[in-house]
Amino acid sequence: MLAGNGSLVTEFVLAGLTDRPELQLPLFYLFLMIYIITVLGNFGLVTLIGLNPHLHTPMYYFLFNLSFIDLCCSSVFSPKMLMNFICEKNIISHVGCMTQLFLFLFFVISECYMLTSMAYDRYLAICNPLLYKVIMSPRVCSMLSFASYGIAFAGASAHTGCMLRLTFCNANVINHYLCDILPLLQLSCTSTYVNEVVVLIVVGINITVPSFTILISYVFILANILNIKSTQGRSKAFSTCSSHAMAISLFFGSGAFMYLNRSESLEHGKVSSVFYTNVVPMLNPLIYSFRNKDVKIALRKVVVKVHSRFIS
C-alpha cells in the first residue's frame, strides 16, 4: 500500500538499543531512572530559576533555556525508547518518525548554540566584567536565544526536508532507538547522496562553528584567569567555568563522534549516541546545581519555605 510523500513504507519498527532478551528489563529500569532524573532535574531548574528573581540574570537565563531544551529533547524519544525494552515490536508511523526526527534535531542543534551563548556570557563576565551588564542586556540575551532556536529550526528543516524526498521500500526496521538521520538513510531505496552532503555541511557547521567559538572564548577566559593574582579570585573563576566546560565536552564530543565518524558502525553509534541523548540531559542539571552556589541557596530557600508551610 502506498503511503504519503511517495513512500512505500507507512510505518517503521524501532530496533532499540539491543536485541538481547536478558538485558531488556535491566535496561528498562536503568533508562527509566535516567529519564525520571532528567525530567525532575531540568523541570526543577526551570521552576527554580523562574520563581527566584535574584536568578534572573543572563547566566541563569541561558541555563533556564538549556534546561528547557534538555527536558523537551529527552521527552521526544525517551517514551518510545522505553517501549523498546518491554514491547515485542515498537512501531512508529512514517509521519511520527519524521516528526520525531525534526523535533530531536531541533532541540539538539538548539543546545549547540545555547551552550555557545553561555560560553560568550562567561567570556564577558570574566574578561570584561565592568561592561558585562551593559553588553548582556535582556534584549541581547533574547536575541541570542532566538538566534539559537532560529538556526536550529533551519537545520532541522533542512535534514527533515531532505529525508521526506527519499523513498522507503520493503525494509522498515530502523537500527536505532529513535528516528535519526544515519539509520534512516540506510533504509532508503533511492539515492542518499544529497542527504549525505547535507549531513556533512549542516552537522559540520553546527559542530565546528559553536566548538570554534567556545574554544576561542575559553582561550581568552583561561588567559584572563592566569593573570588573576589572588588565589581566591582564580579559584572562583575556574569554578564558574568548570561546570560549563564539562557539559560542553560531553555534548560536543559524543555528537561529533556519532555524526562525523562515518567509519563507525551503527551498533557502536547507538552506544555513543546514548551520551548526548540520555546522559548529558541528565547530568546538566546535576552539574550546574551541585557546583553552583546561587542555585543551592535558592533551592535551600524553597525547601525551607515548603517545610514551614507543611509545619504550619
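Every residue gets a Cβ built from N, Cα and C, even glycine.
Just so it is clear, the model here is predicted, and its values are computed rather than measured.
Your range for transmembrane segment, going by TrEMBL and the list 111-130, 271-290, is 271-290. In summary, the transmembrane segment (60-79) does not lie against the transmembrane segment (197-225): fewer than three C-beta pairs, each 6 or more positions apart in sequence, are under 8 Å.
Looking only at the domain 'G-protein coupled receptors family 1 profile' (41-288), the predicted model's pLDDT averages out at 87.
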